[in-house]
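What follows is a set of notes on a single structure, which appears directly below.
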Amino acid sequence: MVNNSDVHADWATEFYPGLVVRGKWHGQCYTLVRKLGVGVTGHVYLAQGQDGYVALKIGLDARAITTEVNVLKQLNKVQEMLGPCLYDVDDYVCLRGSAPFYAMEYIQGENVLDFMKGRSGEWVEVLLSQILTKLAQLHKQGLVFGDLKPANVLVTDKSYHIRLLDVGGVTEMGRAVKEYTEYYDRGYWELGSRRADPQYDLFSVAMMMIVCAYPARVNKVSGKTAAQLKKMVQKSPLLQPYQQMLLRALHGKYVCADDMRSALVKRKKGKLPTRKVVNRKRQLTDRVDLFLVASFVILLSVLYLLGEIF
Ligand SMILES: Nc1ncnc2c1ncn2[C@@H]1O[C@H](COP(=O)(O)OP(=O)(O)OP(=O)(O)O)[C@@H](O)[C@H]1O
């Protein structure tokens, strides 16, 4: 394992586009294309594998990488594609030691915040529905995502499917959330603890939607956070249709993600006209049709009579 602090600073220079990373144990080769990002536990690269592109996460801490691998394995068992598919786990021997890495499915897409830029409010519903479906699956496994934030929620380019990245925060229910980002954290907003429960994730979902409406970070008003967030939700035209739902999520009022999803579906149904309204409309249309047919018949009769006279 690479653990020296000098190595830590220089470490990234070991990995550059074109480098072939060969696994010590399985012998798979990956040619680095470009860096995709840097996380707490390592660097992520786009790489060309034997069967196409993969995302390669190369870490410094074998234990942290193993934890992530185990979570990915667990998520891969779930039917809904929660996280990226895990392909390979190995070590890369470089000049400075051995660096643990794993190869996973490369997910091509935009994070949810970039995706929403310039898009209409209808998309909030589409994205919310998908995120809640995924979370419901995860929660049924006894797990909480923990670090839900726009950077970790990708909307795929072709099919507009939601995929969750960065499983470092996935925590067993009942434990303290392992990894979180302050702005999406219930504890930071003084609206609950950091205990891993479904409501923790649902709070972050509501915060993500608030951030879609207000991308610039606002300063928290300590002691008045509930009123502050409520005002933001109520003032945003984008969030206005979802305000009841988002406020309930912020206050931990949903028992589970399915519960919140049902509220979303009901809200949608509420927008559809009721049967009574439909019937009234139908009766009106029938009357108009009758009037038009009668007018046409009268017109024909008048024309016929005129033809007979002249
Ligand atoms: N499977 C993947 N497909 C495409 N891009 C990925 C994939 N995994 C990670 N990335 C990219 O690499 C970046 C770093 O990912 P990583 O999961 O290590 O950490 P993070 O979520 O950015 O940060 P932190 O660990 O600090 O929370 C991500 O933001 C994303 O842009």
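Start at 1 and count along the chain as shown; that gives each residue its number.
Each residue, glycine too, has its Cβ placed from N, Cα and C.
Marked as ATP binding site by TrEMBL: K57. Taken from TrEMBL, the feature domain 'Protein kinase' applies to 30-310. Sequence annotations record features per position, and here TrEMBL assigns transmembrane segment to 290-307.
Confidence across the domain 'Protein kinase' (30-310), taken as the mean pLDDT and rounded to a whole number, stands at 89. For K57 (ATP binding site), the count of additional Cβ atoms within 10 Å of its Cβ stands at 24 [all protein chains shown].
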